[in-house]
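Trainee: Starting off with a structure, shown below.
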Amino acid sequence: ENSDDSVLRGRALPEPLRRHDPAAGPYNRHMQRALAWLGQQGVSPAELRAVYEALPLSPGVPELLRFLSERRQLFELVLISDANVFGVEAKLKAAGARSLFRKIFSNPAGVDRRGFLTLGPYHSHQCPRCPANMCKRKILSEYLQERAAEDVEFQRVFYVGDGANDFCPAGILRAADVAFPRKGYPMHRLIQEERPGLFQAAVVPWESAVEVVRYLQELL
């Protein structure tokens, strides 16, 4: 589920924070205001960490993480998330999966002198498709360039995602690569709507990440 929704669920939010108004700025800024309000209400970072730790993983993800853990020498994993590094790290550690990922790319978050959890944008970019605080395509492109400069060559890139902001980075995948969009979610819909021939990677939709495991098993 959406971790931002989980953090705010059940809170008596003031009207301006109950829903994101795009006219008031990007969603990242909306969550900055929401976290500041939670801090003012006495909600501690420890309480928020507990919410992140208790988030249920998507169907089949425990099996996928176990599969990848048993084959660490074959895969290099990075995680790109428009949530925040505080929540992502908390959940991965609680799931015993943090060591699987070489790098986490997410919006910076930390505790300020008031004891409030604060949130910032990840970077700036020129992509017209993505939210102002993060373009996952830029992150993925720069990561692949960085690894190439370090003489690391990947036979294939596998991209697992679900959101609209996962469509943009999947657009740089090559014919040898594989996009795994979650069925019925925005990434899947946008791939289906793309003009034939423009999206190069193989597309393997999934409802449970066990389907991703099966595909990787067959490939190996």
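Every residue gets a Cβ built from N, Cα and C, even glycine.
Below are the features listed in TrEMBL for this protein:
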{"type": "REGION", "residues": "1-25", "note": "region 'Disordered'"}
{"type": "BINDING", "residues": "ASP4, ASP82", "note": "substrate binding site"}
{"type": "BINDING", "residues": "ASP162", "note": "Mg(2+) binding site"}
Trainee: How big is the gap, in Å, between the Cα of ASP82 (substrate binding site) and that of the residue listed as 'Mg(2+) binding site', rounded to a whole number?
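Mentor: Counting only the Cα atoms, the answer is 12 Å.
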Trainee: For the residue listed as 'Mg(2+) binding site' and ASP4 (substrate binding site), determine the Cα separation and express it in whole Å.
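Mentor: Approximately 16 Å lies between the Cα of the residue listed as 'Mg(2+) binding site' and that of ASP4 (substrate binding site).
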Trainee: When you measure from the Cβ of ASP4 (substrate binding site), which residues in the chain that are at least 6 apart have a Cβ under 8 Å away?
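Mentor: ASP4 (substrate binding site) has long-range Cβ partners MET31, ALA34, ALA83.
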Trainee: Between ASP82, ASP162, which of the binding-site residues has the fewest other CB atoms within 10 angstroms in the structure shown?
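Mentor: So among ASP82, ASP162, the binding-site residues given, the one with the fewest Cβ atoms within 10 Å is ASP162.
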